[in-house]
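Trainee: My questions all concern the structure below.
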Amino acid sequence: MRQFGLWLLLVALELTGLYLFTTGFFPYKRSLPGFATFPPSSTSTPRPPTATYDRLVLMVVDALRFDFVLDPSTSAMAYTQGLIRKDQARAYVARAAPPTVTMPCLKALTTGSTPNFLDAVLNIVEGDTSATLASADNVLWQFRHAAGKRLAFYGDDTWLRLFPNLFDRYEGTTSFFVTDTVEVDRNVTRHLPAELERDDWDVLILHYLGLDHIGHLEGPRSQRMAPKQHEMDQVVEQIHRSLLADDATRKARDPAALPSLFVLLGDHGMNNLGNHGGTSVGETSPALVFMGSPLDGPAAGDEEAPRLSHYAGTDTLPTYGIVNQVDLVPTLSVLFGTPIPRNNLGALIPALLTGRSVEDQAQAWQANADQILAVVRSNHPDFVATHPRWLANPANLPVADCDTITPPEAGLGLARLQCYYTRARHLTERGTAPDLALAAHHYAGLVRYAGAAMSASFSNYNLPRMLAGIAVLGLALGLALVPFLPTLTRIRTSRILGLFTVNLAGNPYWFPAWLFLLMVVTYMVTLLGTSYVEDEQYFWYWWQTNLLALQLVRILQAPAAAFPVAANRGWTAGRLGLQLVLWRLAQQWNDAGTRLRDIKDIRSLLGNQFDSVTAGLLLLTLMIVAAHQWQTLSPGRSYHAYVARAATAGLAVSVFGSHLLSQGPDGLVRAPAVYLAVAHWGATLATGSTFAQAAYALYGVSLLATVAWAYGARCRHPAERSRVYLVAGRSALATFTLLLVLLNRLSNAGLLLIFHLLLRLDTPIRNYTTTHQPVLPTAVSLLAITASFYNFGYSNSLATVDLSMAYTGVAAYQVGLVGLLTYVSNWSGPIFWSAAAALGPVEGQALTGQWAKTLAPPTQPRGESSVQGPLVPATPGVGSRLARRAVAVFTLGQVFALFFLTIVVTIQRRHLFIWSVFSPKFLFQVVWTVHFIFTLGGSLWLSGWLATTG
């Protein structure tokens, strides 16, 4: 109990330190309060811009990657492409800042400020009230309150959380039922005919989700992608034709009537796997297309905008370069004659201002510059005071071209900003057309430079809070070292490289613990490099392979007397060799990281459709795992064992039915006739969601029946309690594996089968190493827990988080349940191997009696149950010691990693890749911390307690 209390104190310190550091590193962004208004008229302030449009349709297609619109070889959006070819539309790539998930991107598109990285977490918390923009200045608020416009909305209900009480009419659809690719869009389109006939709205916003869902389910090359793009193109045509007709009618009634603007855009893109959240070209390159009658005819593009060099293979249609996603905000504000939101960091899109006079363009750029300078002054109060003589006399400027002023390596170059500002103001006061054009150029330079620099430096770190968190984590690390102090003080210099060398029976088998220490140290070093963080899986794969090989060498070197039967040494070594092969297969199942994304892996060869191979692999997995559960829990005369086995069989059938009926017609295109017949028959009984709900219920029944069996068996055989718990644990783990098959993609069923076989092969190896090399199984378990996460294709990028299975069997959104399913589906590998590691203490307790047997064949008669007791009683306290040691080793490694990562993140907080590499890594480490504390640590303490009672 003393060590358990110490562990609780350590957990409290760790969570406290984590909270302090996280709130210091991820504070909500500091913003200017209030809402923008036009300044009073004077000679030094620009006059309010004249509106060019009076109605707006904003059509957001979730994950509309740029090439989905403009690549003629793959895009099915023919009508939109035709408008671009005929110069009746302006097309851009709207560069999105990470994290490329919906909520932060919508905030960028409406406020003009860079996304907050914590929004990536809040993105799945649909009930989170802190996500609202009700008190933040944004373009929709300005439309409603400054321009008196009426707003209507249909689509992703994220908008309704961001902008409560802002829309006159609305209907939201939940954004996380990713298996729905049809109804989620029909629920938006069905409102269009009526809305386009009405004249009581000024801003209509539509947000379609189906294309993003197809990407999550099957990737950008899915057979369903082209039909979905065509469907969106038809919506574009319907809206565009209706707006043109309506504009013509209104113009006939009132020649002064302003036209409508139609904007088609994506909130983010997607990578080649169909996911998003990271920084790849595909994820950060959504489309942005402006359509409307004033845009007819050619217009000069922005010569200063970067070209589409990274789309050289698909850039075949007229484009106007790359803009930043936040540039939409000031552009819409100027086009509709409203104040620019106070915290905007975006710049005007020049090609959309070409119809205005030179004076109007200069006034618009000045308004943009004055607004963004207010943001600069709030963060750099010394902006004006640095070079007052410049402001007094522009002739004192040291250079003729402000672009040549070299800014500091990090942060904002105030001298360069002041140069832009002073020259622009001086030219504006002169007032001639050439001077105004040059003034607009300097204002534009100021806005672009200030926006980019402020976006890069807008971190608002609370460094004292971060350092306090590191200090508390340092205390936790010191506490984690306490259990190892007696061992370290007793160790002799001659054995400094051989920690934990005494086995349970007292026979020394040297284990080179320096390799384990070297692994920990090298892992700390890899955290300093961005490439190592992005492709961390190769580090764990290398160490896993080598430690397994070392384990094989140690077994082959062990004396035959170490085994109950001499022939078992070769048999155990053979099993370990097969383990090496299976782990290599698991490593190739899903490619993770960034370096080898284009290399074919097993998952891409299998696909995610219900064909003969994937369906056969699913059936094989379900049958083998269920059969092993039946074999493990042999009923004898136990009623509860019969119930557990029957429920497990029903669970396997329900999992198969859920996967089969969740495919839909497109997913069954290549399915054999027998599966089609089964699917047709099953659809008459229930839906895939109903089968999933049945699977949950049957899993609960099987688990309860197994617990009831264990309670009865331990009462009938009190001397065999540790063996009873071991059998019950193995049975429960097999049943849980079937649940993991339900909560994973169809293509990963085979990977879970590999894990199950690896665990079966590992049992005799653990029987040997737990007794003779106590630290080695813990190290191997740690590697299995960590490496298995990457076996599923996940990495330290938010883009690899898979939401496709988070709603399996869920009828309505519940943040707790969806969060739990997201965790279980994405951390299936670590959860599986953590459960396997938690069986270690019970297994070790039962093992001491088994290994105390003589080498003679057992003569004890078999009992009525499957639990066969040892010939001699198990040594008391062994399981408890194993649990304490495992908790100590796992906790030390985990606290060490978290402590060092917080130091790295603090050091690298000004690094170019802090938000794209180190911040996602830290978020993943937070989840790993929760996993090691509650899932693994809690399971180990429970196992140790059961071993003690055995």
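The backbone N, Cα and C atoms fix where each Cβ goes, and this holds for glycine too.
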Trainee: Identify the transmembrane segment range according to TrEMBL, selecting from 1-21, 610-630, 820-840.
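Mentor: That would be 610-630, per the transmembrane segment entry in TrEMBL.
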Trainee: Between 466-488, 733-755, 775-793, 886-905, 926-947, who has the most Cβ pairs under 8 Å to the transmembrane segment (642-661)?
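Mentor: Stretch with maximum Cβ contacts: 733-755.
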Trainee: When each of 466-488, 610-630, 694-712, 886-905 is checked against the transmembrane segment (733-755) for Cβ pairs under 8 Å, which one has the most?
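Mentor: Selected stretch: 610-630, with the most Cβ pairs under 8 Å.
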Trainee: Counting CB pairs under 8 Å, which listed stretch among 466-488, 610-630, 694-712 touches the transmembrane segment (886-905) the most?
Mentor: 466-488
Trainee: Averaged over the domain 'GPI ethanolamine phosphate transferase 2 C-terminal' (459-937), what pLDDT does the predicted model reach?
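Mentor: Over the domain 'GPI ethanolamine phosphate transferase 2 C-terminal' (459-937), the predicted model scores a mean pLDDT of 78.
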